[in-house]
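Beneath this line is the structure, given in structure tokens, with notes to follow.
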């Protein structure tokens, strides 16, 4: 199944961020929850069903545009499973986000569980204007408890003002690679969080996470843990030492 | 019968040689930190470390070495080097890894200016100051007569594992035969990675493949922290 | 003394946002002239290598030279600490040099490689110091403690000092090795201990001269002469000869 959903958020005359265009297409359902000023968190939209959790054969894409000065929080609702499906060639999900000057986007999906027979490509492309801000996260759980993960290629591309800040492609790989202490060191959960805000952090390094300022601006937090509860805790710890961490939607404790 | 021609240039061999005086001997590529963590303490664990390093950082470096060799061979304008530099930065999120790559790049550039001077090398230097290691290696080999992105990529992939293997011998007193065998056991994979890197050598810089190694990023950052706190023998 | 922040137009060093005050070694994203381009020899300081076995007193000699010469020469030090940054910390804490004038090099567990076969990290350190202090007269490069075969590459050190001590035994000069036979100056250190360790100074110095021909030999005790006067005189002559050979420092 090929489906395309889209979402546009802009500022209205009163300074509130409002949803101007919204098109859901199964299995991608967008639910506007709130409008609001940037100070109060802006517009909130829930993504039910996820572009990262389709069935085999699906080709899902979501296009998001955040207008100048507007703020959007796009949030996932439940953990999703990358499952095998009916079609050949695996599944693909892509999200393209454009943020205009002074705009802000936070994209905070729930974890994706990569099941044993998954064959999935996830692509996230974020293009920011010079003064735009962004925070986005990816949490990958490599197999349900005791399960080997299937095939996954997750790519992230982030540009600001046409300059590349992050190009990232992660594949869990075979068991031998996952066990290598240069790749995953046997960790089952990989969480990444990118923050491009007003201030960038100093590097911070702990045994299972690191807050890393990127060369072109912004930062990447990398977390490797055995479970999602610990991963969230580490993300929160990284937020606590990020100079802009207090302006972001808090990392909610694991359910 | 005509004598067989060698297909690997002396320049490629010299750059891949651990005796090449480009500063590589002081970099362990995360191995020293892994030793301190206790995750590498013998030859078998070294083999697993090298396997992961080759497929992650090694493959990434090979891609950019091949792309730089391709670019140097066709004579790109100098601003191409800025693009490649920014794209490799964007694929290297750990500041410690960027610093290690630029330190080795600077050293390789210094040695390369004596050994294999070229206009492309001067332009790379003028454009980027302290270039990334794989890009310097690519330019050194691509601007010469040999011009084989695949060989360049293979040399770069090899460098990504030969340095850590040597560091393991020095840090752990490993049997050098076993450590060396752990490197040569990866020859088929190295050739595959080199061939794949050569295949994408002509891509636009923004479209070159990215390969992440999250655990290696954490090791690199921890190495820097521990060097500040208690001192480390290797620069990375 | 030169000011610590001499960013001569290369790099932007825009770190004010976080209140950085440390000297920035280099800005890798800079598109300006490369601070690491080799300076013409006429504009660079003389580089003196100080090598020798572990415990022979290299760091103590280096510290003494810094104290004696620091007021009359623009100088800086590169240390090749073998395991930690202990030597660099010693020099900084001894108050003999501004912390910014000491650079520590990581040698990857191979101190002789770092001064001889692959001098990259040491050259980087020297060039960082030259970038930070534009008118240096002298850079002392202290090797990590090694064995009698370790010598400095001529690509790194213009002249070199090899330090041995009487406690290592009076046979050391006779054993030879490139350090003893080829260094521009051989320092026999800790001569105040000779009697206690049973070293025959006459034999030691005679062997040293026999092994070295015309090359200089100097016996010293930093206990008796904390200023290392004779070694300091030798260093002064090297600086003067370097200046005479290549002209005064360009800056």
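For all residues, glycine too, the Cβ spot is worked out from N, Cα and C.
TrEMBL assigns the feature region 'Disordered' to residues C:1-45, out of the candidate ranges C:1-45, C:46-90. Summary of the GTP site environment: with the site residues C:52, C:53, C:54, C:55, C:56, C:57, C:58, C:59 set aside, the chain residues having Cβ atoms within 8 Å of the Cβ mean position are C:145, C:163, C:165, C:189. Within 10 Å of the C-beta of residue C:57 (GTP binding site) there are 23 other C-beta atoms, taking all protein chains into account. The binding-site residues C:52, C:53, C:55 differ in how many other CB atoms lie within 10 Å of their CB, and the one with the most is C:52. Here the binding-site residues are C:54, C:56, C:58, and the one whose Cβ sees the fewest other Cβ atoms within 10 Å is C:54.
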